[in-house]
Amino acid sequence: MDEKPSTRKSPEFCSLRYGLALIMHFSNFTMITQRVSLSIAIIAMVNRTQQPGLFNTSTERPLAFTFNHSNRSIKEFNTAEVSVYEWSPETQGIIFSSINYGIILTLIPSGYLAGIFGAKQMLGAGLLISSLLTLFTPLTADFGVILVIVIRTVQGMAQGMAWTGQFTIWAKWAPPLERSKLTSIAGSGAAFGSFIILCVGGLISQALGWPFIFYIFGSIGCVCCLLWFTVIYDDPLHHPCISIREKEHIVSSLAQQSSSPRRSVPIKSMVRCLPLWAIFMGFFSHFWLCTIIITYLPTYISSVLHVNIRDSGVLSSLPFIAAASCTILGGQLADFLLSRNLLRLITVRKLFSSLGLLLPSLCAVALPFVASSYTTTIILLILIPGTSNLCDSGFIINTLDVAPRYASFLMGISRGFGLIAGIISSTATGFLISQDSVSGWRNVFFLAAAVNMFGLVFYLTFGQAEIQHWAKERTLTRL
């Protein structure tokens, strides 16, 4: 194994690689706030979501009809000065899922190109484009729903470039025994960003109007881009500020997995590799439920618990405190179990995958039965994202174990499977809750639990953690 190089390990939390993890944390924070901004703003943009009884109304109803039924709510959070749109739940589902269409379009090519041209430029450019499009979202909404869908799709393409490039960087910066820790610090930015945007988004909408949600977090993204291009380098060998000790530690730790000169990607071997399909099915299942929670949580709390936009945002943010905490703690625990040789690598991956798929499924199944209990509902909603993020130390980073040389490319494919699940679940959720709010939400959560169980069984059956034969060095590759 690769434990020996760690004997001359450089200091961890004062090291450049942990600084890189923090900057990537901020980048993930920025991208998720830009993605989730619409989920909280739409409560004010489409005042129908404030009134659960209006889910079945036709989109042809005149706007005056909507104002008559929600005049007090509009005055309450001061959206009378900004536009209110007639978007049905089905239309909202399409808008929510459109960003996933864009991400899918760029995940695989950007993962491949990041390995050629460098992840720094790929990720930075994606973050910049996403930030600029966020700033223009309020303007495009006035020109119609089609343009909003187009903008969100292009924004998804930009974020797909940014998401995928991260694993190219970690393949060169993360020592094997620190992978869970470093990637969990970086990945927790998404959970923390969800917490912040959902917590303050409603307050911003109430105080300044919903367009300022996009203006503020789009501007933060532009600042993050400046930091990214200034500090980040593709690998430790070329960073001007890294210490010799840390550079030697990283290089020696990765020596057994270093890439030989780049060749064509062994697509046929990948397609026939069941451990890879186990990872893909894990992503599909995980993203199905996570997309529903991230996208529809404010709407669920608003329509089922009957709270206003400010309280809906604050309540929606609470689950992501648990998510960020579980991501970091899960990474620490996984690396502890590995460094002390308490469990084998595959056992750790399957343990955290099991916890991350089974526990949120149980909570989701229980939700429809406790809808009358405000406190119990909130507790379960907090537990779903928290326990789900334990997967970050399971199959989420499993590509770094089975094929580190192709980690970025395979991460693109993995996220592609996850985003296909997100598109289906977002659209299906919009359709189900438009038919009947009560039974619709019950069917949404039951279906999500079933998908999670399928992914868990598949991963437990076929998941592995050894480097696959087609991903090894030249002497072991096919003729």
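Cβ coordinates are placed from backbone N, Cα and C, and glycine is handled just like the others.
Keep in mind that what you see is a predicted model, and the values were worked out from it rather than measured.
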Range among 14-34, 413-433 that Swiss-Prot annotates as transmembrane segment: 413-433
Spatial neighbours of ASN28 (N-linked glycosylation site) that are distant in sequence (at least 6 apart) but have CB under 8 A: GLN166, ALA186, GLY187, SER188, GLY189, ALA190, GLY193
Selected stretch (most C-beta pairs under 8 A with the transmembrane segment (413-433)) from 131-151, 184-204, 274-294, 378-400: 274-294
Other parts of the chain folded back onto the transmembrane segment (378-400), taken as Cβ under 8 Å at six or more residues beyond its ends: 167, 170-171, 174, 176, 179-180, 183-184, 187-188, 191, 194, 275-276, 278-279, 282-283, 286, 289-290, 293-294, 297, 300-301, 315, 318-327, 330-331, 333-334, 348-357, 359-360, 363-364, 366-367, 370, 406-407, 410-411, 414, 459, 463, 465
Stretch among 99-119, 212-232, 318-338, 351-373 sharing the most Cβ pairs under 8 Å with the transmembrane segment (443-463): 351-373
Contact set, same chain, for the transmembrane segment (274-294): CB under 8 Å, 6 or more residues outside the stretch: 32, 35-36, 39, 100, 194, 319, 353, 356-357, 360-361, 364, 381, 384-385, 388, 391, 394-396, 398-399, 402-403, 410, 413-415, 417-422, 424-426, 429, 444, 448-449, 451-456, 458-459, 461-464, 468
The transmembrane segment (318-338) vs the transmembrane segment (99-119): 3 or more CB pairs under 8 Å: no
